[in-house]
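Read the structure below first, then the notes.
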């Protein structure tokens with residue numbers, strides 16, 4: 001659970017502190033860490049209370065009926081597809097930092113040479129590549145701390161930190177004022193959204209009674225690591241920290257030889273990771289879209305009554321079957337990959353895309369889905385909570401307040417993220 005949560009969103013945590021300042025940054029990170037832990041416990045309790053609850057869309061089925069499952073699946077697709085765009089941006093930014101020979105757009109288009117073949121690979125091969133992503137995250141954490149502790153002079157030193165702000169800085173300091181708090185919320189939320197795996201995780205646990213202890217320990221650990229990475233990067237580069245701390249590390253002058261080597265290894269891992277994880281994140285999107293498109297195309301491609309093999313139209317039927325089973329699925333895969341690269345060109349900022357992903361996708365899946373389901377189920381159970389005991393009205397009011405309050409912050413983050421893209 002911890003390795004799932006510690007994703008590439010860690011790279012933008014220093015920027016979140018730079019935008020919000022120390023006090024607001026710590027408050028926002030603690031709030032979202034606690035809230036994500038609370039909603040994870042809700043999902044786990046639902047899974048333990050009902051044997052039919054085996055996947056995240058079952059929240060929708062349980063709370064609002066079968067028709068809502070389609071909406072949840074589509075939204076999960078949107079979130080995963082957004083993450084695919086983030087991976088393309090990260091790949092291009094990283095390789096451009098090492099070899100600034102051609103433009104970022106050119107590198108993204110060249111990435112299609114790798115992205116398109118990988119989307120045709122079977123899952124059992126793709127699953128082995130996921131370990132590279134996990135190792136690169138831990139490598140980033142190690143390199144940030146190692147660089148900061150080894151270097152004695154700024155920039156890039158924890159012993160001689162750059163200028164930072166206790167409170168949220170004014171617009172005149174770094175070009176972002178209080179309006180940037182919405183972006184900060186999205187940046188912190190993006191690293192706390194792995195709730196979709198919780199139902200399966202509960203089923204696989206040897207002792208499900210330890211679930212709540214595991215979740216609390218996990219989110220405490222992830223929140224602390226996010227704080228350490230964010231604070232370290234902010235101290236090392238101050239108000240000028242970028243949306244990808246890896247880029248800042250690469251461009252610091254006068255690194256010792258060992259640090260320079262480690263920084264380049266880290267950046268190359270951030271080049272390889274998106275290339276390997278793209279198809280893995282993209283696969284559920286392709287599966288769900290294909291499940292809805294192919295059945296609709298079948299009646300128009302295949303005849304209602306298949307002719308016998310000896311009939312003259314058999315070759316025509318064979319072509320139609322091949323079109324339905326191979327050509328159209330291939331076109332869907334290629335089209336979705338091209339769309340992801342196109343959107344990465346139109347929305348090129350890594351930090352803004354992470355904030356956008358956190359503000360909308362992560363927040364809705366992590367906060368609104370579980371809380372609204374909890375409210376609906378408790379109302380259906382005449383006020384009883386999800387464990388079958390009589391719930392308190394104050395608790396439901398708090399849940400509703402969280403839904404509204406976090407919704408406002410999400411919209412704020414969405415607007416500010418688009419403003420950053422258009423700036």
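Note that Cβ sites are derived from N, Cα and C of the backbone, with glycine treated the same way.
Taken from TrEMBL, the feature domain 'Amino acid transporter transmembrane' covers 2-377.
Remote same-chain partners of the transmembrane segment (69-92), defined as residues 6 or more beyond its termini with a Cβ less than 8 Å from a stretch Cβ, comprise 8, 11, 56-57, 59-61, 104, 107-108, 111, 115, 193, 196, 244, 270-271, 273-275, 277-278, 281-282, 284-285, 288-289, 336, 340-341, 343-344, 347-350, 353-354, 356-357, 361-362, 364-365, 369. The transmembrane segment feature in TrEMBL is assigned to 69-92 (among others).
The feature transmembrane segment is assigned by TrEMBL to 98-121 (among others).
Beyond the ends of the transmembrane segment (128-150), by six or more residues, the same chain brings 3, 6-8, 10-11, 156-159, 225, 228-229, 232-233, 235-236, 245-246, 249, 252, 255-256, 258-259, 262-263, 265-266, 269-270, 272-273, 276-277, 280 to within a C-beta distance below 8 angstroms of the stretch. The feature transmembrane segment is assigned by TrEMBL to 128-150 (among others).
What TrEMBL records for 176-198 (among others) is transmembrane segment. Remote same-chain partners of the transmembrane segment (176-198), defined as residues 6 or more beyond its termini with a Cβ less than 8 Å from a stretch Cβ, comprise 1, 4-7, 9-10, 12-13, 15-16, 19-20, 24-25, 28-29, 32-33, 36, 39-40, 43-44, 47, 55-56, 76, 79, 168-170, 215, 219, 222, 226, 351-352, 354-359, 361-363, 365-366, 369-370, 409-417, 419-420.
What TrEMBL lists as transmembrane segment is 219-237 (among others).
The transmembrane segment annotation in TrEMBL covers 265-282 (among others). Beyond its flanks by at least six residues, the transmembrane segment (265-282) meets 8, 11, 80-81, 83-84, 87-88, 90-91, 94-95, 97-98, 111, 114-115, 118-119, 121, 126-127, 129-130, 132-133, 135-136, 139-140, 143, 246, 249-250, 336-337, 340 of its own chain at Cβ-Cβ distances under 8 Å.
According to TrEMBL, the transmembrane segment annotation covers 326-347 (among others).
Listed as Cβ neighbours of the transmembrane segment (353-377) (distance under 8 Å, sequence separation of 6 or more from its ends, same chain) are residues 9, 11-12, 35-36, 39-40, 42-43, 46, 56, 59-60, 62-64, 72, 75-76, 78-79, 82-83, 85-86, 89, 182-183, 185-193, 195-196, 243, 347, 386, 396, 399-400, 402-403, 406-407, 409-414, 416-418, 420. Positions annotated as transmembrane segment by TrEMBL: 353-377 (among others).
Here TrEMBL flags 397-415 (among others) as transmembrane segment.
Listed stretches 98-121, 219-237, 397-415 were compared with the transmembrane segment (326-347); the greatest number of C-beta pairs under 8 angstroms is found for 98-121.
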